[in-house]
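Pulled from Swiss-Prot:
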CARBOHYD  188  N-linked glycosylation site
CARBOHYD  232  N-linked glycosylation site
CARBOHYD  267  N-linked glycosylation site
CARBOHYD  471  N-linked glycosylation site
SITE      136  site 'Critical for catalysis'
SITE      143  site 'Critical for catalysis'
SITE      559  site 'Critical for catalysis'
SITE      577  site 'Critical for catalysis'
TOPO_DOM  30-616  topological domain 'Extracellular'
TRANSMEM  13-29  transmembrane segment
C-alpha cells in the first residue's frame with residue numbers, strides 16, 4: 001500500500017511505500033490527468049527537481065490503526081511510536097495532490113501540480129513561433145471531430161454533437177503548424193525538401209484500372225496547357241468500384257498526400273487505402289460530394305432493406321469511412337488536395353455513433369502506411385502525386401484563409417452554438433463573439449501577412465479590432481470591472497472576466513501593434529489601425545496591473561471572476577490553466593519589462609511546487 005508519512009513535528013510529508021502483498025494495492029493510485037479545454041495549453045507531466053524526485057523509504061514497522069480527518073469518515077491508517085501514516089488516496093483528494101510510483105516500484109513521486117510550469121525561452125517575437133504551440137496537436141483532441149475535407153480546418157463537437165467551426169480551435173491549429181514550420185526552418189528542415197518528398201504518377205504505367213468487366217475504367221493521358229501531364233479518368237462512381245488508382249510509397253513516415261484534380265460531376269470521388277501496422281486492418285478513406293447528415297466523417301452504411309440501413313461492420317479485415325468534400329472546390333475547376341492520412345484515419349476510427357470520450361484514437365508516424373490512391377467518376381488528375389512527412393505550410397494557410405473568408409461585417413468570427421456557464425446562470429446564445437478568438441485570429445493573420453506577403457491578411461487583422469470597442473451587452477467583447485476595461489473570452493452579462501482569454505487577446509493586439517515598420521508610410525488608414533491596436537493593448541495592460549491580484553489565491557490562481565457577480569464560490573483554475581496563466585503573464589511581463597508582473601508569475605510558479613502565501 002502506498003502511504004504518505006505525516007511528520008507533524010517537522011511540518012513535512014514523507015513517503016512510505018510498503019512491500020509484499022500491500023504493494024498490490026498500487027492500482028488504487030492513478031495519475032491524475034486533465035485534458036485542457038481547447039482554448040488553452042496542452043501540458044506535459046511535471047518534472048520535479050532532482051533533489052525532490054526520490055524520497056527514501058524506511059522500514060514500515062507500523063501497525064494498522066483508524067484515523068478520522070476533519071470530522072469525516074474513519075479510514076484505515078498506520079502508526080508507529082512517533083508517526084502516523086495516511087493513505088495517498090486520501091491525501092490526493094484532500095490536498096489536491098497527485099503522484100505516481102516509479103517503474104522499479106521503490107520510488108514514489110509526489111506532485112502538487114500535474115501540469116508543468118513553463119516560462120518563455122526568449123523575448124516574445126510577434127512574428128515568431130507562438131510560445132510552445134509547436135507541441136500542440138489540435139487535430140487529435142477528443143473534441144475535434146475531423147479536419148474538414150471542405151475547408152482543411154478542424155471542426156469541433158465540444159458544445160454540440162453536430163460538428164461546427166470553433167474560431168479559437170481553428171486559430172490554434174494555424175498557430176500550431178506555423179510554429180512547427182518556423183522551428184523546422186530554424187533547424188534547416190523543410191517540408192518541401194526534395195529528399196523528403198516522393199513523387200508518384202508521372203509515369204503513365206503507374207496508373208492502374210479496376211479489374212473485371214463490371215468495373216471498367218478508362219484512362220486517357222495527354223498534356224494540358226495549364227497543368228502539363230494529366231490523366232482523364234472515366235470510371236464507375238460507386239464506392240465499391242476501385243476506379244483508377246496509383247500505388248503509394250510504403251514509407252510509414254510519408255502520411256501526407258497532395259495532388260491536383262478537376263472533377264466534372266458531383267459523383268466523382270477519391271479514396272486512400274491505408275493499412276494499420278498493429279493488426280493489418282485495411283482502412284478505406286473516401287472523399288465524396290455528400291453532406292453526410294451533418295457529419296464531416298462517417299462510417300459507410302450497408303443497405304439491408306429500404307427501411308433498414310446499418311453501419312458496415314469490419315469485414316475481411318477492412319473498414320470504410322467517408323469525408324464530406326462538398327464546398328472544397330466547384331465542379332469543373334482545378335483544385336489542390338492536401339490531406340494528412342494519419343489524422344484522417346484517426347478521426348475516422350474515433351467517429352462511431354456509440355463512441356465514448358475515452359475512445360479517442362491518436363495515431364503516430366509508423367502506426368500505418370499508405371497503400372493506394374484511387375479515383376472514380378468523371379475527372380482529370382495531374383500526373384504528380386506527392387507524398388511527404390508534414391503539411392505545416394498548407395495547414396497554416398488553410399487556417400488563415402478560413403479567418404479571412406469567414407469574418408463577419410463586425411470584424412468577428414462568431415461561435416454558432418450556445419455556451420452556458422455556471423450551471424446556466426450565464427448563457428451565450430449562438431452567434432456570440434470571443435475576445436480570445438479575436439486575439440488568436442489577429443495573431444494568425446499578422447503572421448500570414450508576413451509569411452505570404454498578402455495584404456488581405458493585414459486588412460482582416462485590422463478589421464478584427466472593431467469588436468474590442470463594442471460592449472459585451474451589444475454583441476462585442478468589451479467588459480468593465482470596477483472601472484477597468486476587460487476583453488471578455490465569454491462576453492456574458494454580468495461579466496465572467498476569464499483571465500487566460502484576456503491575456504491571449506492582449507497578445508493578439510500586441511502582434512498587430514508591432515507591424516508599423518512593415519506598413520507603407522503613405523497608408524494612413526492602416527497606420528491608424530496599428531495605432532488603435534497599440535491603444536487597445538495599452539488600456540488592457542493597465543487593467544491587468546490593477547486587477548491581477550484578484551486572481552491570486554495564495555496557493556493557486558482563479559480562472560475567472562464570475563463569483564463576484566453571481567455570489568457563488570470562486571472558480572479555481574485547474575493546474576493546467578494555472579500553467580497557462582504563468583506563461584502568458586511572463587510574456588506580458590517581458591514585453592512590458594515589468595518586474596512586478598514577473599515576480600507575480602514567479603510566485604505562481606512556486607504554488608505549483610507546494611509553496612503557499614504566509615498566514616497572518
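Yeah, the Cβs are placed from backbone N, Cα and C, and that goes for glycine too.
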C-alpha spacing of residue 232 (N-linked glycosylation site) relative to residue 267 (N-linked glycosylation site), in angstrom:
15
Set of same-chain residues at least 6 away whose C-beta sits under 8 angstroms from residue 232 (N-linked glycosylation site):
218, 219, 220, 221, 222, 379, 380
Whole-number Å only: compute the distance from the Cα of residue 143 (site 'Critical for catalysis') to the Cα of residue 471 (N-linked glycosylation site).
30
Minimum Cα separation from residue 559 (site 'Critical for catalysis'), reported as the residue among recorded positions 136, 471, 577 that achieves it:
577
In whole Å, note down how far the CA of residue 136 (site 'Critical for catalysis') lies from the CA of residue 577 (site 'Critical for catalysis').
15
Which listed residue (136, 559, 577) has most other Cβ within 10 Å, given these are recorded sites:
577
Any idea what the model's mean pLDDT is for the topological domain 'Extracellular' (30-616)?
90
Round to the nearest Å and give the CA-to-CA distance linking residue 471 (N-linked glycosylation site) with residue 136 (site 'Critical for catalysis').
32
Helix, strand or coil by DSSP: which one applies to residue 559 (site 'Critical for catalysis')?
coil
Give me the count of other Cβ atoms within 10 A of the Cβ belonging to residue 471 (N-linked glycosylation site).
15
